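Here is what TrEMBL says about this protein:
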DISULFID  C214-C235  disulfide bond
DISULFID  C288-C357  disulfide bond
DISULFID  C313-C334  disulfide bond
DISULFID  C408-C429  disulfide bond
DISULFID  C482-C551  disulfide bond
DISULFID  C507-C528  disulfide bond
DOMAIN    65-164  domain 'Ig-like'
DOMAIN    168-263  domain 'Link'
DOMAIN    268-359  domain 'Link'
DOMAIN    362-457  domain 'Link'
DOMAIN    462-553  domain 'Link'
SIGNAL    1-25  signal peptide
Amino acid sequence: MMVAHPLPLLAILLQLLLSCLPALGYSNRFFYQDILNGNGNGEIHFNGVKLHVDSSQPSVFALRGSNATLSCRYWYEPELSSPRRVRVKWSWLPVMGGHETDVLVAIGPRIHSFGDFRDRVYLRQDSPGDASLVMTELQLNDTGRYRCEVIDGLEDKSATVDLELRGVVFPYQPPHGRYNLTYHDAQQVCQEQDSTLATFEQLFQAWEEGLDWCNAGWLADGTVQYPITKPRSPCGGLGLAPGVRSYGRRHRHLHRYDVFCFSSSLRGKVYYLQHPQKLNLTEAQQACLNDGAQIAKVGQLYAAWKFMDLDRCDAGWLADGSLRYPITNPRRNCGPLEPGVRSFGFAPPHHKHGVYCYSAVVVFPYQPPHGRYSLTYHDAQQVCQEQDSTLATFEQLFQAWKEGLNWCNAGWLADGTVQYPITKPRSPCGGLGLAPGVRSYGSRHRHLHRYDVFCSSSPLRGKVYYLQHPQKLNLTEAQQACFSNGAQIAKVGQLYVAWRFMGLNRCDAGWLADGSLRYPVTNPSRNCGPLEPGVRSFGFPPPYQKHGVYCYSAGSNTHCI
């Protein structure tokens, strides 16, 4: 009598079982039948070979908007003579708790990312067994524990990596008073202030750096705590040592407290608006809009104080109606003799004060390959769009002029006017007799008149980089080289954003998508052009010439399933 071999039967049963998973809500369509390894007979045993998975860096620290690599490597003992097709899965357990959610799943060359991580993550795969996860454009809520799971047949091993963002923790109390926030209210108010709920680890770090606050506030894990560096009677008593006091976990719907929010680095700029007069809250909001910006949020002011050393002894309106000012260099008449963001609470909205604005765009002049003053208004719209940008507004150009933009060619703006910014008056640019400013030709005919254009771009969700290639490339080869690297050749607007908001600094000219040759300098030095930051341009060389290239990756260099 013939006896069926048990392993093929087991494989068949597994396939039948897994075929039912879609009906049970299994959504990512990666099934075990895709990874049955062996000799083609469905064998899934290892014959004494053991799978190992490990991370060389169990904790990673980063800033919002930056990139991070979570290490993961797998190998076999004894070493295999030929590679096996494995399934790699990264999942994420949020710091706020809840269920693990899928981040990325890969089977061989097929890779798929999920949810908010889509197009922001990919596998590094630098060497055999490298399953490290590269995360781009980190967001405040990305903090948590990430699991790298490797599956080979029925063998399943994993390692974990904790991702922690560096930033600034600040206590927040809403306009309607102390201890008014449920847990979900606390989540909402932090989000409104360009921040997120702080973790205990972040609060503890802030306490170690000197944060002292006597009002209890929600943290991301649902506990309520407060940091004390100077024990006193109303804050737990004089008998307790300094530390982070805890009320433990509280009911997220019934109990009400303040909140500790967390913000990280900015992609834009916070500044105190120079205005001829003081403003009420409505006027302050409009004044920032008129300056090509928006009124700053509390989290943005704290981040500018922490990471950009913003120091201003003038109280100003913020978006929530509060009145605050940042001090990095304490001095007399500017509050306590220690750094911090001072608060005057929520003043009546009709009171007159200054205002802090937030701007997150970069303006750049653009001249097409076919020469100066060749664009109608509609041409100008099109070329900005092709460079991943839009027509700049007058307010944006004015703000760029205040920050030092000096350009002698007139260009279209979004309102149909033609203008150009001059910081250093000279003969060909309106004459030496005119003061610095934005020169205007007024509104021009959108179909008949031709000029250059000023475009504006906002922060990216991807990364611009200079491609390390063994040889110089012509334009066609440069486009193909970026494509072969899982990216595309960068556009002018993307290079400007990477220079302005990501600190891209490279003294190597490279091809861009429009056929121009440029390079970004944030730290001026000899042999890299003028001794001021900027994006240098060599115009449009013949496409057969050999140069480097700047590529743009949106965060996923993989094929979706």
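A Cβ is built for glycine as well, from the same backbone N, Cα and C atoms used for every other residue.
Curation does not apply to TrEMBL; its annotations are automatic.
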* To do: Please work out the helix, strand and coil residue numbers for the domain 'Link' (268-359) from the DSSP assignment.
  => 21 helix, 29 strand, 42 coil
* Pop the Cα-Cα gap between C214 (disulfide bond) and C334 (disulfide bond) into the table, whole Å please. => 22
* Integer Cα-Cα distance in angstrom, C214 (disulfide bond) to C551 (disulfide bond) -> 50
* **From disulfide-bonded residues C288, C507, C551, the one whose Cα lies nearest C235 (disulfide bond)** => C288
* Structure fact -> the domain 'Ig-like' (65-164) resolves under DSSP into 6 helix, 53 strand, 41 coil
* To do: Could you put numbers on the helix, strand and coil content of the domain 'Link' (168-263), residue by residue per DSSP?
  => 22 helix, 30 strand, 44 coil
* Asked: Non-local Cβ contacts of C429 (disulfide bond) (under 8 Å, 6 or more apart, same chain)?
  -> C408, Y420, I422, R439
* Rounded to a whole number, how many Å is the Cα of C482 (disulfide bond) away from the Cα of C528 (disulfide bond)? -> 24
* **Rounded Cα separation (Å) that holds between C357 (disulfide bond) and C313 (disulfide bond)** => 15
* **Cβ neighbour count (within 10 Å, all chains shown) around C528 (disulfide bond)** => 15
* May I ask for the distance between C313 (disulfide bond) and C507 (disulfide bond), taken between their Cα atoms and rounded to an integer number of Å? => 38
